[in-house]
2 protein chains.
Amino acid sequence: MKVLQERICQDGNVLSDTVLKVDAFLNHQVDSKLAMLIGEEFAKRFAKENITKVLTIEASGIQFAMATGFALQVPFVYAKKKKAITQSDDVYTASVHSFTRKETYQISVAKAYLKPGERVLIVDDFLATGAALVGLCDIVKEAGAELVGVGAVIEKSFQEGRGLLEERGIAIHSLARIKSMSPETGIEFIEEIGACKS
Amino acid sequence: MKVLQERICQDGNVLSDTVLKVDAFLNHQVDSKLAMLIGEEFAKRFAKENITKVLTIEASGIQFAMATGFALQVPFVYAKKKKAITQSDDVYTASVHSFTRKETYQISVAKAYLKPGERVLIVDDFLATGAALVGLCDIVKEAGAELVGVGAVIEKSFQEGRGLLEERGIAIHSLARIKSMSPETGIEFIEEIGACKS
């Protein structure tokens, strides 16, 4: 998605070979017009899939799930993060290990809002290690719903997340695929605009 | 807002005289079309205010800030909740006491995204004790920005939040003002649709 990649070059901040800050326009301050365009792009890419629900995880996936749900005219659900490991009968849960925060947390979705037969699109801001997205995929499977694919706003293609999802046969659409990056040389994208110095 | 109040009656769940569950359509599963209408309603009510930024708090305010920001064609910012009390130079922080969770947490907004001279509308899903909203107001003040008002999707008018904001001279627009509620008798609204049995 050209407009997104150009914006990453303009306002993104490459802190290291693995850390990209986009909190100026995606996940702290949010450009609401760009977020809406991102939702429309996901809706277009999965248009033939008869999606009935969009699923994401709090907090930074919510704006993109909102935009995608609105574009598809379906509801969205955001998984909650819990610290306590209180397994309740009325929620689906999965364990997610955060490599950046070096902790394992639980995510949960109320069973009432994810039913067998639903056709679910998962969206999130980043596809990197894939830990959170794999947790969401597990929850969709546990619910007996059909996973039609994963939409990531930004993919760090040099990390293992895409491989983990592809192993499960999941369709992935990432709108900005980063091949490599560094504070010195900037960002190299896999498609579209190529390389840039952010 | 009639359509919202009717939806609360239909799909809300009054668990006690103080607890209303709306996670079927507002803050776990989200009706994206309704959330967009809510954003348009806030935009309409504050249309003359030349708002430059919408501010909310993660996670359940994000969908409404997104919709309001899009309707006003301005960015939004969501304050982050932190457990650690690490005061950083580059963020504004406020302490918020959660009465339901019986804990005090810190909220923070990067200084880069809230500047003197900005005209800020705060939105959130609930106005109840007002604790989180007062924290957000403090951050706007600390930033030297202009607070034009607070928009709440649901107000529990029998709690102290509205009074706390009015004491500070803040304009408040709540789309569903609940005068009283109970599992036995249902919900009584202050305006529009009156009483209903949810």
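Residue numbering: from 1, along the chain as shown.
Positions of Cβ are set from backbone N, Cα and C atoms, glycine also.
Features reported for this protein in TrEMBL:
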type	residues	note
BINDING	A:Leu20, A:Asn27, A:Lys156	xanthine binding site
DOMAIN	A:34-157	domain 'Phosphoribosyltransferase'
BINDING	A:Ala128, A:Thr129, A:Gly130, A:Ala131, A:Ala132	5-phospho-alpha-D-ribose 1-diphosphate binding site
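Known features from TrEMBL, placed on the structure.
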| residue | record | DSSP (3 states) |
| --- | --- | --- |
| A:Leu20 | xanthine binding site | strand |
| A:Asn27 | xanthine binding site | coil |
| A:Ala128 | 5-phospho-alpha-D-ribose 1-diphosphate binding site | coil |
| A:Lys156 | xanthine binding site | strand |
Listed in sequence order, residues not in A:Ala128, A:Thr129, A:Gly130, A:Ala131, A:Ala132 with Cβ within 8 Å of the centre of the 5-phospho-alpha-D-ribose 1-diphosphate site Cβ atoms: A:Val96, A:Phe99, A:Phe126, A:Leu127, A:Leu133, A:Val134, A:Gln159, A:Gly161, A:Leu164
Binding-site residues compared (A:Asn27, A:Ala128, A:Thr129, A:Gly130, A:Lys156) - the one with the fewest other Cβ atoms within 10 Å: A:Thr129
CB-centroid shell, 8 A cutoff, xanthine site A:Leu20, A:Asn27, A:Lys156, site residues removed: A:Gly12, A:Val19, A:Lys21, A:Val22, A:Leu26, A:Asp125, A:Phe126, A:Ala128, A:Ile154
Site extent for xanthine (largest Cα pair distance over A:Leu20, A:Asn27, A:Lys156, Å): 16
Mean per-residue pLDDT computed across the domain 'Phosphoribosyltransferase' (A:34-157): 94
Integer Å distance between the CA atoms belonging to A:Lys156 (xanthine binding site) and A:Ala128 (5-phospho-alpha-D-ribose 1-diphosphate binding site): 5
Largest tally of Cβ atoms lying within 10 Å of a Cβ, found at which of the binding-site residues A:Leu20, A:Ala131, A:Ala132: A:Ala132
Cα separation, A:Thr129 (5-phospho-alpha-D-ribose 1-diphosphate binding site) to A:Leu20 (xanthine binding site) (Å, whole number): 14
